[in-house]
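Everything below concerns the one structure shown next.
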Amino acid sequence: MIFLTALPLFWIMISASRGGHWGAWMPSSISAFEGTCVSIPCRFDFPDELRPAVVHGVWYFNSPYPKNYPPVVFKSRTQVVHESFQGRSRLLGDLGLRNCTLLLSNVSPELGGKYYFRGDLGGYNQYTFSEHSVLDIVNTPNIVVPPEVVAGTEVEVSCMVPDNCPELRPELSWLGHEGLGEPAVLGRLREDEGTWVQVSLLHFVPTREANGHRLGCQASFPNTTLQFEGYASMDVKYPPVIVEMNSSVEAIEGSHVSLLCGADSNPPPLLTWMRDGTVLREAVAESLLLELEEVTPAEDGVYACLAENAYGQDNRTVGLSVMYAPWKPTVNGTMVAVEGETVSILCSTQSNPDPILTIFKEKQILSTVIYESELQLELPAVSPEDDGEYWCVAENQYGQRATAFNLSVEFAPVLLLESHCAAARDTVQCLCVVKSNPEPSVAFELPSRNVTVNESEREFVYSERSGLVLTSILTLRGQAQAPPRVICTARNLYGAKSLELPFQGAHRLMWAKIGPVGAVVAFAILIAIVCYITQTRRKKNVTESPSFSAGDNPPVLFSSDFRISGAPEKYESERRLGSERRLLGLRGEPPELDLSYSHSDLGKRPTKDSYTLTEELAEYAEIRVK
């Protein structure tokens, strides 16, 4: 387009085309507002050899062929026109100058169509030109918006109206442009084919709020009531902005959670829900809902909504906090310690909210923290009393969990006061009670016999452990008369302790050993002594009867521990010592014992008196160990 002051190109083309041929030049299309007028510029030519005295012309509507009887718009020869054009058409050009410009007034929609010109030079020199002009009757201004309007980028919007009526000139104004910018009327412009337009330009920088805004242009004609308005909706492109989203969400484990993300953009955005870089759901939409069924602690965290289109992107995050009961606590630390060392134990768990952590031992609270996931227990200089079972308990308003753990304190053996020896009848039992960790090895030493017995000799030693206390029992048989000294020694990798075991309740044990049988034996010995004295006295007065003689195997009375008939006393002593060595698990020959024997013949009586006790007939023997 060029300004009005420029040389009309159309007329240059007409002038340059003169060459003596039949031809016409007019705009292929032309527009006019209803109720106004329109001037259709036209030029024609004919061969130079034709020199007509008068040149006539005819304008036809919608057909160039007279035989079709098209409506006559204008006819210079007769001035007879179709009724639709009565008083509406006239020729502005001079046909003698080959100017066929036509003016139509008070145009209406039914006048819209094709217009053809026919030259009449007289006789057979008549020619209907194929070139024609299409008239368009309009009612609205033409608002031209750039194909792409981007928020933040300056744009130019134009309003264009036809200005082909020399009698009425349009005036343009903008409607709904408040806040957009001030319009600039550029003026009247000529188009390439010789038609004219009135143009007004509006420059502004659109915002996202301008999207969908109706911008209007009005064409009015002074001194008339004619007004024409046109509108265009602004299609402003802009990047997404997230306008709707959940705030931080708290949910109980196992419940249903919905997260909503809504964005404003043009065109609509691609919405994506993500967590830790993983796409959970996406769609091209203005809003997107993320459904989480039966949430677990693993779904606790930060969720991101990303909105993007060709013009940019936006993102926002929302935190999901899943509330749940504490997990079973885990315990880390030294579970085995040596007496005197410092022990540090860490109890930890996971929950939401953070729990109350407590460490118990035997229902006694040792340490506790509130709303923390870790608890450190410090035990300086541990002792055996610290050994045992502990509990770490975690709780919040959603539940409670606990974990038990054991602390093992290792220490050197300690011989307890319960250790002792006791005699019962012909048996001696020695108890060695040891507290130790780890379990000790226990040995019993008999110094007087140079004998050591340990736990491996199950025939003599029985051991039983209860917690940190080990009880070892040594059993000696046939030792009640002269119980030996017994020393108990307990040993582990942290040391050794020895103790000579005391005999408890010796006098009570002796009478318990004697018991009813011992009382009978003692009474029999007493009767024998009385009988012996009586018999001795009688010997002085009574002559020995020849019929009384000692038997081959007279009855013999030993102590309560040794009762053997028909065997020498020396053999009995040797047998007993051998038995004792077998009791202690010793090998070898028993040592020789120096035994002295004393035997008394208490005399014989020829007959047995009915009042004489059986013991009166017994011999008395005594064995001494030197």
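Using the three backbone atoms N, Cα and C, a Cβ is placed for every residue, glycine included.
Under the heading signal peptide, Swiss-Prot lists 1-19.
Annotated topological domain 'Extracellular' per Swiss-Prot: 20-516, in sequence order. For the topological domain 'Extracellular' (20-516), the model's pLDDT averages out at 90.
Annotation comment: Swiss-Prot describes 20-325 as region 'Interaction with RTN4R and RTN4RL2', evidence class similarity to another entry.
Residues annotated as ganglioside GT1b (d18:1(4E)) binding site in Swiss-Prot, with similarity to another entry given as evidence: Tyr65, Pro66, Lys67, Arg118, Tyr124, Asn125, Gln126, Tyr127, Thr128. Mapped onto three states, the DSSP output places Lys67 (ganglioside GT1b (d18:1(4E)) binding site) in helix.
When secondary structure is read from DSSP and collapsed to three states, Asn99 (N-linked glycosylation site) falls in the strand class. All chains included, 17 other C-beta atoms sit within 10 angstroms of the C-beta of Asn99 (N-linked glycosylation site). Annotation comment: Swiss-Prot describes Asn99 (among others) as N-linked glycosylation site, evidence class experimental evidence.
The N-linked glycosylation site annotation in Swiss-Prot covers Asn106 (among others) and is backed by experimental evidence. Sequence-distant contacts of Asn106 (N-linked glycosylation site), defined as residues of its own chain at least six apart whose C-beta falls under 8 angstroms from its C-beta, comprise Gly35, Thr36, Cys37, Arg88.
Taken from Swiss-Prot, the feature domain 'Ig-like C2-type 1' applies to 139-237. Helix, strand and coil residue tallies for the domain 'Ig-like C2-type 1' (139-237), in that order: 3 helix, 51 strand, 45 coil [DSSP].
Counting Cβ atoms from all protein chains shown, Asn223 (N-linked glycosylation site) has 6 others lying within 10 Å of its own Cβ. Sequence annotations record features per position, and here Swiss-Prot assigns N-linked glycosylation site to Asn223 (among others).
Asn246 (N-linked glycosylation site) carries neither a helix nor a strand DSSP state and counts as coil. Per Swiss-Prot, the feature N-linked glycosylation site maps to Asn246 (among others); the stated evidence is experimental evidence.
Asn315 (N-linked glycosylation site) is surrounded by 15 other CB atoms, counting those within 10 A of its CB over all protein chains shown. Residues or ranges marked as N-linked glycosylation site by Swiss-Prot on the basis of experimental evidence: Asn315 (among others).
What Swiss-Prot records for Asn332 is site 'Not glycosylated', and it gives experimental evidence as the kind of evidence. Other Cβ atoms within 10 Å of the Cβ of Asn332 (site 'Not glycosylated') number 12 in total over all chains.
All protein chains shown were included, and the count of other CB atoms within 10 Å of the CB of Asn406 (N-linked glycosylation site) stands at 11. According to Swiss-Prot, the feature N-linked glycosylation site maps to Asn406 (among others), an assignment based on experimental evidence.
Residues near Asn450 (N-linked glycosylation site) in space but far in sequence (CB under 8 A, at least 6 apart, same chain): none are found. According to Swiss-Prot, the feature N-linked glycosylation site maps to Asn450 (among others).
Annotation comment: Swiss-Prot describes Asn454 (among others) as N-linked glycosylation site. According to DSSP, Asn454 (N-linked glycosylation site) sits within a strand segment. Non-local contacts of Asn454 (N-linked glycosylation site) by the CB criterion (under 8 A, 6+ apart in sequence, same chain) comprise Ser441, Val442, Ala443, Phe444, Val461.
Marked as phosphoserine by Swiss-Prot on the basis of similarity to another entry: Ser545 (among others).
Here Swiss-Prot flags Ser547 (among others) as phosphoserine.
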Proximal residue to Asn223 (N-linked glycosylation site) among recorded positions Tyr65, Lys67, Asn99, Tyr124, Asn315 (C-alpha distance):
Asn99
Can you tell me which of the recorded positions Asn99, Asn246, Asn315, Asn332 is spatially closest to Tyr124 (ganglioside GT1b (d18:1(4E)) binding site)? Compare CA atoms only.
Asn99
Please report the distance from the Cα of Thr128 (ganglioside GT1b (d18:1(4E)) binding site) to the Cα of Asn99 (N-linked glycosylation site), rounded to the nearest angstrom.
15
Specify the count of other C-beta atoms within 10 Å of the C-beta of Tyr65 (ganglioside GT1b (d18:1(4E)) binding site).
11
Over all pairs within Tyr65, Pro66, Lys67, Arg118, Tyr124, Asn125, Gln126, Tyr127, Thr128, the annotated ganglioside GT1b (d18:1(4E)) binders, what is the largest Cα to Cα distance, rounded to whole Å?
17
Tell me which residues of the chain lie with their Cβ under 8 angstroms from that of Gln126 (ganglioside GT1b (d18:1(4E)) binding site), as long as they are six or more apart in sequence?
Arg118, Gly119, Asp120
